[in-house]
Amino acid sequence: MKNELEKVMSGRDMTENEMNMLANSIIQGELSEVQIASFLVALKMKGEAASELTGLARALQKAAIPIPTNLTNAMDNCGTGGDRSFSFNISTTAAFVLAAGGVNMAKHGNRSITSKSGSADVLEALGINLYLPAEKLAQVFDKVGLVFLFAQNLHPAMKYFTPVRRQLEIPTIMNLTGPLINPIPLDTQLLGTSRPDLLELTANVLKGLGRKRALVITGEGGMDEATPFGLNHYALLENDKVTLHEFRASEVGISEVQLNDIRGGEAPENAEILKNVLENQPSAFLETTVLNAGLGFYANGKVDSIKSGVDLAREVISTGAALTKLHELQAEQIG
């Protein structure tokens with residue numbers, strides 16, 4: 001640990017193998033919380049490298065509990081969190097729209113770290129069982145085409161990181177790594193990050209981890225979602241190449257709103273917002289969900305433009321298919 005910490009503090013990047021070995025030491029309980037915290041902070045101050053993200057992701061994914069699903073072409077749309085926007089649960093709401101539109105959604109998430117309500121919190125408020133065994137989760141996914149994978153339940157190694165992250169109260173490499181370690185192998189991904197400087201790097205990490213197509217998004221003001229206001233920046237992984245782009249919501253058929261219009265609350269309030277959106281009740285929440293679901297359809301390759309994805313998202317919600325998908329998950333992911 002001492003050599004690795006000195007290397008990072010001197011501004012040098014760790015190799016993928018060095019990070020992998022250090023991560024395994026943490027997973028095996030060989031390092032104290034103080035050592036883990038100092039390492040996370042040192043990495044943040046230096047700036048995380050692709051080799052470090054990849055090495056950590058591979059170690060954590062290998063240590064995860066596998067989900068024996070029969071489905072292929074799985075996708076996730078989780079973000080890094082840590083943007084302190086206190087918005088409603090955008091990607092979680094959009095996941096129902098994507099699943100209703102024919103995308104196999106392996107929604108990976110956790111409880112809140114820096115916000116009022118994480119994806120696990122809001123889904124628990126909707127009656128979703130976070131603690132099903134892997135075999136049952138696979139059955140849910142195979143039947144519904146959507147499942148929620150609770151990170152704490154499926155990543156035993158996280159118990160060494162979670163207390164440290166809560167005490168630090170700042171985004172670290174763990175925020176960046178969380179979306180990379182879905183227990184179900186992913187073919188495509190929409191990943192939100194609060195750091196626009198990491199768009200290209202993250203897309204290249206996803207490429208290295210085997211994604212066939214992916215989109216990494218940063219919204220206005222560093223939100224880890226596409227925003228219905230201001231300028232959105234994204235990196236697109238397509239045909240093994242990463243390209244950078246930008247767009248405004250108004251350019252793809254979304255009514256622009258303000259950040260205050262999409263702020264959420266505690267889990268029960270956000271659960272109500274989610275249901276209202278899937279019921280197609282007009283609001284800034286609906287526009288934001290349509291935008292991010294549309295982006296998800298584009299990231300998945302189901303449509304050939306963000307605008308086409310937005311149109312598909314509106315159709316899926318207006319027909320009631322997204323609300324039906326919520327009811328299906330509520331009926332299956334129980335126990």
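Note: Cβ is positioned from N, Cα and C throughout, glycine not excepted.
In the three-state DSSP reading, N110 (anthranilate 1 binding site) counts as coil. Remark: N110 (anthranilate 1 binding site) has G118, S119, A120, F150, A151, Q152, G178 as non-local neighbours, by Cβ distance under 8 Å and separation of at least 6 in sequence. The feature 5-phospho-alpha-D-ribose 1-diphosphate binding site is assigned by Swiss-Prot to G79, 82-83, S87, 89-92, 107-115, S119.
What Swiss-Prot lists as anthranilate 1 binding site is G79, N110, and the listing cites sequence analysis.
The feature Mg(2+) 1 binding site is assigned by Swiss-Prot to S91, E225, with sequence analysis given as support. Contacts of S91 (5-phospho-alpha-D-ribose 1-diphosphate binding site) defined by a Cβ separation under 8 A and a same-chain sequence distance of 6+ are given as N77, C78, G79, S119, L190, G192, E225, N292, in order along the sequence. Under the DSSP three-state reduction, S91 (5-phospho-alpha-D-ribose 1-diphosphate binding site) is assigned to helix.
The anthranilate 2 binding site annotation in Swiss-Prot covers R165.
Per Swiss-Prot, the feature Mg(2+) 2 binding site maps to D224, E225; the stated evidence is sequence analysis. Following the DSSP three-state reduction, the secondary structure of D224 (Mg(2+) 2 binding site) is coil.
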Cβ-Cβ neighbours of G79 (5-phospho-alpha-D-ribose 1-diphosphate binding site) (radius 10 Å): 26
Integer Cα-Cα distance in angstrom, R111 (5-phospho-alpha-D-ribose 1-diphosphate binding site) to D224 (Mg(2+) 2 binding site): 16
Spatial separation of D224 (Mg(2+) 2 binding site) from H108 (5-phospho-alpha-D-ribose 1-diphosphate binding site) - C-alpha basis, Å: 15
Pairwise CA distance, R165 (anthranilate 2 binding site) versus D224 (Mg(2+) 2 binding site), rounded so that it is a whole Å: 18
Those binding-site residues listed as H108, R111, R165, and which of them has the most Cβ atoms within 10 Å of its own Cβ: H108
Whole-number Å value for how far D224 (Mg(2+) 2 binding site) lies from S87 (5-phospho-alpha-D-ribose 1-diphosphate binding site) (Cα to Cα): 10
